[in-house]
Amino acid sequence: MAIDIDTLNDPQREAVVTTEGPLLVLAGAGSGKTRVLTYRIANIIERDLAAPWEILAITFTNKAAAEMRERLGQLVGGRSRGMWVSTFHSMCGRILRADAERLGFTKGFTIYDTDDLKRLYKDIMASLNIDPKRFPVNALMNRISQAKNDLVVPADFEASATDPVGKQAARVYTRLQERLRAANAMDFDDMLLYGYLLLKHHEDVRAAYQQRFRYIMVDEYQDTNRAQYAITQLLAAGHRNIMVVGDDDQSIYSWRGADLRNILEFESDYPEARVVKLEQNYRSVGNILAAANAVIANNRHRKEKRLFTASGDGDKISVYLAADERDEGRWIAGEIEKRRADGLSYNNMAVFYRTNAQSRMLEDMLLRAGVPYRIVGGTKFFDRAEIRDVMAYLTLVVNPADDIAAKRVINVPRRGIGKATIERIDQFGLEMSMPFLTAAELAIVDEEIRPATRRAVGEFLQVIKDAQSYGGNLRKIIEMVIDKAGLIRALEDEATDEARGRIENIQEFLGVVDEFTETHDVEDADYAAPTAGEDAGGEPVRVLRGDSLADFIEWVRLRTDMDMVAEDGQAVTLMTVHSSKGLEFDCVWVAGMEETLFPHMNSVGDAASVEEERRLAYVAITRARKKLYLTCAQQRQIFGQTHANPVSRFIGEIPGELRQTTGLGSAGFSGTGWEKRGSRRGIAGSGTEAGEGRVFGRSSASGSRGRSFEEFRASGGLGRGERGAGAGSRGGTRSAASVTDGAGRVRAGANPNAGKKAAAQATFAAGDAVDHKTFGRGTVVKVDGDTLHIKFAKTGQTKKLLKDYAPIVKIG
């Protein structure tokens, strides 16, 4: 069918009919970019400007490529056959298959998946005598993957490796490529690396593809990494008819290697480029777009654009100030049920959070309220591998006969106890009719098992024995098991984003322990257990004790053994904000809008990281079609400790006239409520390091009525954030008197920013050793005004930090 470009708005139409020369389409959220892409391709075909096989369209996922092919089929029918619509990896695969011999492979080369690749890494590490405990396989895989995506070949990588992990990765990288080539195989990262090398160093191959592809279109250009950028540049150098579509405000994958500069500097790469902005949004109501515009405007490194809609303003953004994470979860569950009662499907509702660890309490509150939910892009909290590992260890403490639990964790973390040893222990148990752990005792003296393996088995058994004889309280027992087992240490050694997320989950598990002990009173259990249920003539009702490990395990098992999808298949969606990109829902709740949580603590003091966090907030806001809720808590259990952090700067960046605030700290709330809660573990002042204002909800020493949300903001409680990135601009200079104790009173002499002030006054030079609160020890490699370029030893990565605000201490 012929396309009707009159159905497009003016900027969309301009992008479709502009076919010659470089074109940058800045497509805001919900602005119809996929329609523009498909209509432009259809227009090129209908006008006979190119044959289908002369058009290359690159997307980032196979799903997106399939959807684009389907839409093109509807627009131009069979004339779309022969067109290259694929991901970067698929495109490189086709190019490599045709000329693999040029690189020393055959056309039938295989592609290793993650499991195959990991096995090869382990084999190589063993042959090089690299200790997997000191240098975890995931850490080495991460470093080498990053190098390949940065187009760094083994020789160059080895020359630049200075940290311990980098040096070992260099050894593995060289051997890895040798082994892959010998096996006529590549990994996924090789697809891009070798695709680039083939085009770069073989002029005839490059010229053929440059001539073939008259029109090149790249979607989600803001997410391209160095390799993808370089390949695009090579292919487009022929006809220069390249169209890139993207939104710099939605660039949220720098941790995967995405380089924002690719889209920001497109006009430098192509000075003759035409720029079209798609700013009309077809998804959200006006107030949601106004909030998104206000937040993202605080970023300095972006292309100016402002979303608008022809729809009405809609509801204001609802901000709820909760007492704690339980209150936050209960309120969200209650609002979901209200929306459900109004006729909205659960499928049209979603709850977002910044980190996976936050889902645990949200899941719990939804479970209690009977709200069906599904986890997207992740796993339910108690189903996550690291949590199941902790639970297996705890189960063995109270039930050493649980063979399933024993076999799950005998080599977690890796101790060098292999499959053969486990099978041998299992056979001992079967032959002598004894539990696996008891049979493992025999393995310690079995001379047919290597001494190192016997020692490892003994160390594992000792963890269980120490916990069984430990006399501390429930939390201390569990902390001891986690520590003795080395679960967190092993993940720290991996030094990957995935490992850090798993550490956060284990630390969040301690919050589960605290919840159990606080809600299960020991004295109540002693009183109720003997008498409960006697009148009914049945067995006494057992009351769980808050100090019992066995009761804690039972409590966890019972609360998670539930089917949480409704019979009609409907469920509320729970996911991280990263997972939400590209999705949309009628109602969206964003939980945990507090400093150090969102924006995340790892971004504090790093200008570029804070800007990415703000882009992430922009993505979250623009997922909502009709109604947006933002929630934060006055105090929150984070990694087993109670924190009171300021309200997120991103809420403060939304104009007051767009917000409707309820809960603690809103107008009419009595401040004395804070004082009662503040008498438990210190809850105020702990979050001030983020630097964005005071802890909200703080009452005065006289116990006067609490200030409204707007008053908090006006007095610095919310802060306005900085224009641009980083924590570089404050709403005023903090002093010792601005820090409060648990009851909201001033703590004389306390100053949490003392370390930062010392850093700000210190003089730094290249070569100085420093210590960072989050990233650990590092070395200054460059000083650029107030910005320090620091290479950290544990990760080998170099970060740009603001001297005046980064939590760093000069060593020596």
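Cβ atoms here come from the backbone N, Cα and C positions, even for glycine.
Taken straight from TrEMBL:
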type: BINDING; residues: Ala27, Gly28, Ala29, Gly30, Ser31, Gly32, Lys33, Thr34; note: ATP binding site
type: COMPBIAS; residues: 696-706; note: compositional bias 'Low complexity'
type: COMPBIAS; residues: 716-731; note: compositional bias 'Gly residues'
type: DOMAIN; residues: 6-285; note: domain 'UvrD-like helicase ATP-binding'
type: DOMAIN; residues: 286-582; note: domain 'UvrD-like helicase C-terminal'
type: REGION; residues: 661-754; note: region 'Disordered'
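Under 8 Å, Cβ to Cβ, and six or more positions away along its own chain, Gly32 (ATP binding site) finds Gln12, Leu278, Tyr282. Within the group of binding-site residues (Ala27, Ala29), the Cβ with the highest number of other Cβ atoms inside 10 Å belongs to Ala27. Around Gly30 (ATP binding site), taking its Cβ as the centre, 21 other Cβ atoms fall within 10 Å, counting all chains. Within 10 Å of its Cβ, the residue among the binding-site residues Ser31, Thr34 with the fewest other Cβ atoms is Thr34. Those same-chain residues not listed among Ala27, Gly28, Ala29, Gly30, Ser31, Gly32, Lys33, Thr34 yet with C-beta within 8 angstroms of the centroid of the ATP site C-beta atoms are Asp247, Leu278, Asn281, Tyr282. Here the binding-site residues are Gly28, Lys33, and the one whose Cβ sees the fewest other Cβ atoms within 10 Å is Lys33.
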